[in-house]
Amino acid sequence: MAKAKFERIKPHVNVGTIGHVDHGKTTLTAAISAVLSKTYGGEVKNFAQIDNAPEERERGITINTSHIEYDTPIRHYAHVDCPGHADYVKNMITGAAQMDGAILVVAATDGPMPQTREHILLSRQVGVPFIIVFMNKCDMVDDEELLELVEMEVRELLSEYDFPGDDLPVIQGSALKALEGQPEWEAKILELAEALDTYIPEPARDIDKPFLLPIEDVFSISGRGTVVTGRVERGIVRVSDEVEIVGVRPTTKTTCTGVEMFRKLLDEGRAGENCGVLLRGTKRDDVERGQVLAKPGSINPHTTFESEVYVLSKEEGGRHTPFFKGYRPQFFFRTTDVTGTIELPEGVEMVMPGDNIKMVVTLIYPIAMDDGLRFAIREGGRTVGAGVVAKIIA
């Protein structure tokens, strides 16, 4: 009898390169692809293929991003690389490419530069949890002390933004020399891959997180009660589970008495599935679109938060003119628009289309949120910006 083919599904981790322009992010991406495919198998992407990043649209925002994949013995990685600084800003704020960890590329010949700092700050704001440093172009620096100095500088900069600068891995290498096949530098790429494997923990799968379903629609079924529908964002809901209805109004508790999908009754609804959840003793008017159904105690409603925002340029269909403090647009969270006011950082009078900016937002009513929640800014149904909740205030 033929044996069934054994396929081990490796854990999947999302990473990306960040850092200052011309410090070697794309060359490093190509070097990782080349060295790992040579060592562990897989498809090679060369520099030109990665550099020619296709245009993508995420929430109406044009972003150029290159996606490559590679394997280590224990994991499968999806890696994003962006050609331009603006692409990084947009990518990180919209969450188009969410990263479980980032590889910060710093040229040893230059040390940290303005965009190095900006990418670290962005990583902190949008919740990139882990950073590994690759000091590039080390073949061009003969002085050991200089390399040590640059490493110290990078570690201090990371600590300044609350990353564990003293403890995180720093690998000194040369992406170009590794790409040219020089064994001593190829070894540095393998060292980087090992750091990815050991330093970035395996991310929790959506299905293992606490249950959350953004409510899209509410129906009442005579004799059975109220059904809310939507796509389960994370976790699992089972019949007879206690759930909370969070956001917009005071939080209430109820019980799931049924789950249905495509008119069939199920025992549970899981992350990624569109389903209807029947709620015990809940009236049709007690629930509305914009609220979420969640595991009790797992998420709270908030109105005020600090955010990192990218304002669409005129070419992207955004505003043609700047906006000022006191601007009152709609903030679109998950399934609904909420009006809010903004507070700009000290010394900032106006925000131009194409800018990215830190702002404090106060909504007119509370929405269920955690740090890292993405939102769109809209005016009359047109998207004019994208943002992420960096820190909840109230």
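Including glycine, each Cβ sits where the backbone N, Cα and C put it.
Positions annotated as GTP binding site by Swiss-Prot: 19-26, 81-85, 136-139. Annotation source Swiss-Prot lists Mg(2+) binding site at T26. Residues or ranges marked as domain 'tr-type G' in Swiss-Prot: 10-204. Here Swiss-Prot flags 19-26 as region 'G1', drawing on similarity to another entry. The region 'G3' annotation in Swiss-Prot covers 81-84.
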Cβ packing number for K25 (GTP binding site), 10 Å threshold: 26
Protein Cβ atoms within 10 Å of C138 (GTP binding site), excluding its own: 22
Distant-in-sequence neighbours of the region 'G1' (19-26), which means Cβ under 8 A and at least six residues beyond its ends: 47, 50-51, 66, 81, 83-85, 104-107, 110, 112-116, 119, 136-137, 175-176
For the domain 'tr-type G' (10-204), the mean pLDDT of the predicted model: 94
Residues of the region 'G1' (19-26) by DSSP state, where helix covers H, G and I: 2 helix, 1 strand, 5 coil
Rounded Cα separation (Å) that holds between H85 (GTP binding site) and T26 (Mg(2+) binding site): 13
Other CB atoms, at most 10 A from the CB of C82 (GTP binding site): 24
G19 (GTP binding site) to T26 (Mg(2+) binding site) - Cα separation in whole Å: 10
For the region 'G3' (81-84), residues assigned helix / strand / coil by DSSP: 0 helix, 1 strand, 3 coil
